[in-house]
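First up is the structure itself, then whatever we jot down about it.
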Amino acid sequence: MRSFINRQPIWSLIIFIVLAFFVWAIFAAWPPGFEDVFGKKKVFLNAFFNGITLGALYFLVASGFTLIFGLMKNVNLAHGSLYMLGGYIGYGVAVTTGWWLLSFVVAFIVVGLLGIVLQVVVFRRMEGEDLRQTLVTIGISIVLADLMLWIWGGNFYQILAPEWLSGPVKLPLVTALKSNGEAVYLTYPIVRLVIFLGAVVVGVLMWLALNRTRVGMLIRAGVDDRDMLSATGVRIQRVFVLVFAFGAGLAGIAGVVGGTFQSMAPGEDTRFLLASLVVVIVGGMGSIPGAAVGALIIGLAEQFGSVYFPTYAVVLTFLIMVVVLAFRPQGLFGRTR
Amino acid sequence: MASTDQLTSRVDASGKPHKRAELYGPANIPWVYWVLGFILLLMPVVASNFVLFQIFGWAFILGMVALSLMFLGGYGGMVSLVQMSVAGLAAYMVAVFGHSGVVQISLGWPWWLTVPVALAIATLFGTITGALAVRTAGIYTIMITLAIATAFFYFVRQNYGVFNGFNGFNQVLPPQLFGVDWRQPVPIYYLTLFFATLAYFVVIYVARTPFGLALQGVRDNPRRMAALGFNVTAHRIAAYAFASFIAAVAGVLLVWLNAQISPGTVAVGPAIDILVIAVIGGIRHPIGPFIGALIFVVLRTFALDVLVLVGIPGERFQLLVGLAFLAIVFWSPDGILGLWPRFRDRMRAASSLTAERDRRL
């Protein structure tokens, strides 16, 4: 942190100013002139919260992707399909049993198992052949997408959150002042906040697992130098299977989350595959903090874009990616090798 | 990795290696070319209009787009998913500068002005994309070009000022040159055949020029080529420019064949289809993309009937294509083209003790 400020004083200042502006804009009641330029504060706040919750979802999808890539150098372009499969399975479980939380467990296990199959059957057979892996995963994603279309059809599915999570909650953030001076507070769907907190918890747990446990140590060592790690006697294939299962399971969980606060329909797999691609390109391949920051940036950009310049909102995220590539090809948190 | 000459002679099916000087001259054209050329030229005599237009027209055009990917992937080692977007941009530019049903946007320029401008813009777009993509290598290139292709799709879908958004352009007709209506099946068959053949031979020629050889050197070992004094980045960008030009030509033909262009043509699905075509056919030789395109188009056209025949709903076309693609990349990374040498090697292995060594070579 300190060394970054020393190395990049100008960038630090710019980042600090942007953050300070956001903090001020979120907590302060806006002066009248300000609203003329930026529109209503309620819109701004809604976009902000939608942005960070979307970012949380992107983080769940992209962290598995980036973990798998970082350790095994496998580009799993079927990751979006795993996400969608998780969503459909979660929907099935939630509808039949009525337990929302159970759907997370089942989606994690089923999609994780599929991940193990993928790792053992596909990736282990073609280790080190990047292009072939990519092509095979594209093939798998085409097949999976069509199988899912076959089974679940082209309808929209939404997973309903349980009673205790439905409805809005009042946040202590002022959106406007009434003419009599009374403050109006922001209300926001509670389920989204819970999902956001859940993603933060997952992120923190992942960080702890990577940095404080033995398995995490092995994984980090594997990211740095796979061959040397296996030379020290670690059964690296087991670590691979474990990480692949976990990354795939995360995608499954993300599917349930996505099915809860958006909906599942054909085409979502490509959308989330691209989102996670952009997130990890911006954040840096193989870096979990990078995935978090990238996901937050892309989520916010998408939501603010759709509010302030709706026509080209989707293009904005790709523009961010192009700019990052042009100035920092390894991504914000990536390391040059 | 084998050199191109070996591979071509393999496909030529003439077992002995050519000498360079012998390559030019009618007597030395391999018999396969004679037969294939004869069949293709006489195709309109036997084939129905539907086959000429819907199967061969499409196969030649998609084959050209896939050929541009094959050039980048096979000779340059860069798999770009942006080729369909380049073709799509050329098609859009033809509609924007030339005539179309959307009179408020189309400028109505004559075709001899429209086509070069469209080609130039699309090539420029492909080159800029390439300049961005070559900053990265291998797997990143696929992801970045995929992302750019998607961005392009969303952009044309949202932009109403130039690209006419969701609807795109219709009634984009080819010019009535030499008194021929080029959108009739037989003329468009010969038109697409001509350009596909031209593109094929140009790619073969370029692959043997100093530039093409240097590009293959860059593919195999960029560091060594850089040490030899070659500008690796420039070669890669030039490869993108060349490939984009082929894709742009295909795009112009595409809009004339289809008479319309809309965002659906440049969506993510078609961009991946091009990769599928190139890989199914084989990415090591320029004929591969055309074989792949023919298979793809035939599958796309008749899969419905076949699937219904065996009792599976016809919409499962994608499943069929996906499984075929999966089987090919799983068992024969060189596509259909790779099957023949593999088969021949296996036959040889059965008959000769030195087969193992031969295959290594």
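The backbone N, Cα and C atoms fix where each Cβ goes, and this holds for glycine too.
No curator has checked TrEMBL annotations; they are predicted automatically.
The transmembrane segment annotation in TrEMBL covers A:12-31 (among others).
According to TrEMBL, the feature transmembrane segment maps to A:43-69 (among others). The list of residues near the transmembrane segment (A:43-69) in space but at least 6 beyond its ends in sequence, with Cβ under 8 angstroms from a Cβ of it, reads 22, 25-26, 75-76, 79-80, 83, 173, 175, 186, 188, 192-193, 195-196, 198-200, 202-203, 206, 219, 243-244, 246-251, 253-254, 257-258, 261, 272, 275-277, 279-280, 283, 285-288, 290-292, 294-304, 306-308.
What TrEMBL records for A:76-94 (among others) is transmembrane segment.
Same-chain residues lying 6+ beyond the ends of the transmembrane segment (A:100-123) with a Cβ under 8 Å from its Cβ atoms: 72, 74, 76, 78, 82, 85-87, 89-91, 93-94, 133, 136-137, 140, 159-162, 165, 240-241, 244-253, 255-256, 260. Among the features that TrEMBL reports, transmembrane segment is placed at A:100-123 (among others).
The annotation transmembrane segment is assigned in TrEMBL to A:135-153 (among others).
Here the transmembrane segment (A:190-210) has Cβ contacts under 8 Å with residues 49-50, 52-53, 56-57, 59-60, 63, 161, 165-169, 216, 219-220, 250, 253, 257, 260-261, 288-289, 292 of the same chain, all six or more residues outside its ends. Per TrEMBL, the feature transmembrane segment maps to A:190-210 (among others).
According to TrEMBL, the feature transmembrane segment maps to A:239-261 (among others). Residues 53, 56-57, 60-61, 63-65, 67-68, 71-72, 74, 76, 79, 82-91, 94, 100, 103-104, 107-116, 118-120, 123-124, 157-161, 189, 191-192, 195, 198-199, 202, 215, 218-219, 222, 268, 272 of the same chain lie 6 or more positions beyond the ends of the transmembrane segment (A:239-261) yet place their CB under 8 Å from a CB of it.
The annotation transmembrane segment is assigned in TrEMBL to A:273-300 (among others). Here the transmembrane segment (A:273-300) has Cβ contacts under 8 Å with residues 48, 51-59, 61-63, 65-67, 69-71, 77, 79-81, 83, 141, 203, 206-207, 210, 223, 317-318, 320-321, 324-325, 330-335 of the same chain, all six or more residues outside its ends.
Outside the transmembrane segment (A:307-327) by six or more residues, the chain places 38-39, 43-44, 46-47, 275, 278, 281-282, 297-298, 301 with a CB less than 8 A from a CB of the stretch. Taken from TrEMBL, the feature transmembrane segment applies to A:307-327 (among others).
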Using a Cβ cut-off under 8 Å, which residues of the same chain at least 6 positions beyond either end of the transmembrane segment (A:76-94) come close to it?
61, 64-65, 68-69, 100, 102-104, 106-108, 110-111, 114-115, 118, 123, 133-134, 137-138, 140-141, 144-145, 148, 151-152, 157-160, 247-248, 251-256, 258-259, 264, 268-274, 276
